[in-house]
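**Student:** Right, I'll just put the structure down here and ask away after.
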């Protein structure tokens, strides 16, 4: 199997293709990307027959920015007979996947494909039973085995393949299913909530998103991101010249600082989180984030970078490289991840976690 399907936001196929071509090439897994505008997916076709599995095994999925999900596939199955779509699919997967732990029958995130969603849900149950009978799936779901993917691009037309549970998105179609909280000040709250699900393992939430932590929200008005921090019982300094939602102020957990987020400097040294969703040029935001991290003003940060109209992958890569260079120069060891989230539009969300730093002659364990 030499093809890898990458699901992405419709309209960002070129960025997804540029990224996978770049990062696969750096691992000497060469191929070319098949791109269809606004399709919501890209197919990276490797030149060597076994390189598809090698790619999804060796390249960390967490290192990808524009892909929501990925899986290796074989040839396209076309003209599936309406009276029996299951048999050809089972035949394609037998001998390819043995004892998969989960089945996902998926589509691209486009209006055209959404017409297939109802069919996919109904089709999953009988297909799962047939795959279990054939030994392609285990008799029970398990996260320790590969995930089997059946990806419909049109009625009676699908790719079949698999991904590795330890190196994929745990979410169906790569999209966390979140509900907008009715008491949140703005829909932007879903961006930060999704970022927390994507970047922080669930079993680490109690430690890294703990009650009583101190946090800063730069460019906070009206409080969509502050809302997520308050919901997790943090004390929040919300920095913005614009007003905060009264419902947040009434909690007693929010201190509104009427200042410019680019000029604000914290006056305490125990800030766990800094979040930022300001409409500004990516380079300016990245420089500010580097300043916070280099100076140890926070332990973790999540921030958004607004994208230009052209060369968006190059722009993000340049800013992430600058951030990494600044951290390296100042002896800060950190983990950096970036992802275009489902709730992002013309932007990407970046998460940075300081691990430790040598600052002013002392080792600062973080």
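Glycine is no exception: its Cβ is also placed from the backbone N, Cα and C atoms.
Keep in mind the model is a prediction, meaning the values are calculated, not measured.
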**Student:** Check Swiss-Prot: it lists 188, 221, 222, 223, 224, 240, 277 as binding S-adenosyl-L-methionine. Then name which of 203, 260, 328 it lists for that same site.
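**Tutor:** That S-adenosyl-L-methionine site, as Swiss-Prot gives it, pairs 188, 221, 222, 223, 224, 240, 277 with 260.
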**Student:** Please find, for 188, 221, 222, 223, 224, 240, 260, 277 as listed binding S-adenosyl-L-methionine, the greatest distance between any two Cα atoms, in Å.
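**Tutor:** Greatest Cα-Cα span of the listed binding residues: 20 Å.
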**Student:** Please tell me which one of the binding-site residues listed here (188, 240, 260) sits closest to residue 306 (active site, proton acceptor), measuring Cα to Cα?
**Tutor:** 188
**Student:** Give the sequence-ordered list of residues that share a chain with residue 222 (S-adenosyl-L-methionine binding site), lie 6 or more positions from it, and have CB atoms under 8 Å from its CB.
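**Tutor:** Same-chain residues close to residue 222 (S-adenosyl-L-methionine binding site) (Cβ under 8 Å, separated by 6 or more) are 185, 186, 242, 243, 244, 245.
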**Student:** Using DSSP and three states only, what is residue 240 (S-adenosyl-L-methionine binding site)?
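**Tutor:** DSSP call for residue 240 (S-adenosyl-L-methionine binding site): coil, neither helix nor strand.
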**Student:** Which has the fewest other CB atoms in a 10 Å radius around its CB: 188, 221, 224, 260, 277, the listed binding-site residues?
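**Tutor:** Checked 188, 221, 224, 260, 277; of these binding-site residues, fewest Cβ neighbours within 10 Å: 260.
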**Student:** Sorted by position, what residues of the same chain at least six away from residue 240 (S-adenosyl-L-methionine binding site) have a C-beta under 8 A from it?
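**Tutor:** The answer is 217, 218, 219, 220, 221, 256, 257, 258, 259, 261.
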